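Following: one structure in structure tokens, then a few remarks.
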Amino acid sequence: MERRYMPVVIFLAAITVGIIIMVVISVVQNKPLYQKYKYGIVLDAGSSHTSVFIYEWPAEKENNTGMVQQKHTCNVKGKGISSYSANPQGAGASLQECMNEAKQKIPAHRHPETPVYLGATVLDSVALSLKSYPFSYQGARIISGQEEGAFGWITVNYLSENLRKPTGTLGALDLGGASTQITFVPQQKIESSDNSIDFRLYGNNYHLYTHSFLCYGKDQALKLSMGKKLESTLKTDPIELRDPCFHPGYKVPRTVPDVFNTPCTKELKLANENFLHVGLGNWSQCQQSIRKVFNTSICSYSKCSFNGVFQPSVYGDFGAFSAFFFVMDFLNLTSDSLATTKEKLAAYCSTPWEKIVGNHPKIDQKYLSEYCFSATYILTLLEDGYKFTSNNWKDIRFIKKIGDSDAGWTLGYMLNLTNMIPAEAPDMPLMPYGGYVTFMFFFALLILVLLLLVYLYFHRSTRTAQKDII
Ligand SMILES: Nc1nc2c(ncn2[C@@H]2O[C@H](COP(=O)(O)OP(=O)(O)OP(=O)(O)O)[C@@H](O)[C@H]2O)c(=O)[nH]1
Ligand SMILES: [Ca+2]
């Protein structure tokens, strides 16, 4: 190559090296920092249980949707702290095992900044006990039914990453032991302000319908239903309560206070307090008896669910969790049509109790004996109560988790209290880091190829010039 081209080549080589250095520096410079994690603890003190949820998220990405994930959950032994009203000291002590697990799961240097939230019913001794742990106790709050519904909705939509778009969100159906909630974005106007809640999340406005039915969790609904049967039968037959929602051959002695020991059922004084709870296993009679706990004849709005509560028509897909999942999953009814569900349930309810026990020797007989009732109650609540039909039954997804996180109000509650869902969408990087590195790599490669072509062009034109001279 002629000496006169050398400066050009040196110049081009210098540019190449400069560009490669620039690319390497910018790739290293923008590499995400070492994942520092933050943690949060939420205690769900439900009517039938208490659970401790530990959440974690990358510290510098907490405002991005979907970043908070459930790291661990621990169920407090026994019926949970709500059952310690007579022995408050026992409530705090019952948390010890789960709170010590939390100390193991969360790095010690993060303990002082890890918030602890206690939701639902509270006892002072629990607050005292929670303050004794090295976490940052943020107090206890009684979660209203409306909040329980709304936070459950936030949880399922945060985990499904639906909160980056204004439409296409998932409705939330939560069935507890004492209460049940329905929350969704309706197509019609919400006629009662008590049932309306507005959120602005990631720059999107959501106008939600929500309602919580106290006493319509599955445990209380069973008492309501048995109470109605007792009122009508025990006056005539003081010995036996013949129940179509329990299996043939099921015979268990009970007392009237067993059924009426709750504010959900009005007091019933009967001369004879002892009776035999006898199963008949007749599904259609069971459904008829359950329908009696729903009052669908009163409604002062354009449309109601039951007991005079306004409800717009259900719309879109729904996530049904907690006991909706426990019951329908146990009976393998999570993916059947409404008609098939009814057929399967009728067959299951008419199965003799001894066969049911024989097929499930390890299942707690308290839960096992109630699946026929609970599943029939779920069907009646969804179809007669919320007006789901055979056409949109397929839009109900019975779920326990989304990814590794349980569906329920606790994640939404923590996200709300820690302001981790901004009203406005945070700026998103032009491209994810991986895409950025790939782009810069191919950009550098392109520069190299171009410079090689230039060099070859010069080289060839020099050779041609030499030949001409010869
Ligand atoms: N079959 C079955 N039932 C369960 C299980 N865990 C809880 N349950 C029952 O399902 C119902 C709902 O459970 P939870 O969602 O924990 O209810 P909760 O939060 O205590 O009730 P609320 O205070 O009304 O929200 C209760 O009747 C529980 O006894 C389970 O693993 N299997
Ligand atoms: Ca609950």
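Glycine is no exception: its Cβ is also placed from the backbone N, Cα and C atoms.
What TrEMBL says about this protein:
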- 7-28: transmembrane segment (TRANSMEM)
- Glu148: active site, proton acceptor (ACT_SITE)
- Gly177, Ala178, Ser179, Thr180, Gln181: ATP binding site (BINDING)
- 433-458: transmembrane segment (TRANSMEM)
(message) Taking 8 Å from the centroid of the Cβ atoms of Gly177, Ala178, Ser179, Thr180, Gln181 as the cut-off, which other residues in that chain fall inside it around the ATP site?
(response) Ser47, Gly145, Glu148, Asp174, Leu175, Gly176, Ser212, Phe213, Leu214, Tyr216, Gly217, Lys218, Gln220
(message) Give me the CA-CA distance between Gln181 (ATP binding site) and Glu148 (active site, proton acceptor), in Å, as a whole number.
(response) 7
(message) Taking ligand 1 as the reference and 6 angstroms as the Cβ limit (strictly under), which recorded positions among Glu148, Thr180, Gln181 are close?
(response) none
(request) Give the sequence-ordered list of residues that share a chain with Gly177 (ATP binding site), lie 6 or more positions from it, and have CB atoms under 8 Å from its CB. (result) Gly46, Ser47, Ser48, His49, Gly217, Lys218, Asp219, Gln220, Ala323
(request) Sort out the sequence-distant neighbours of Ser179 (ATP binding site) for me: same chain, 6+ apart, CB within less than 8 Å of its CB, listed by position. (result) Ser47, Gly145, Glu148, Ser212, Phe213, Leu214, Cys215, Tyr216, Gly217, Gln220
(request) Starting from each candidate's C-beta and looking 10 angstroms out, tell me which of the binding-site residues Thr180, Gln181 has the most other C-beta atoms. (result) Thr180
(message) I'd like to know which of the recorded positions Glu148, Ala178 has the most other Cβ atoms within 10 Å of its Cβ.
(response) Glu148
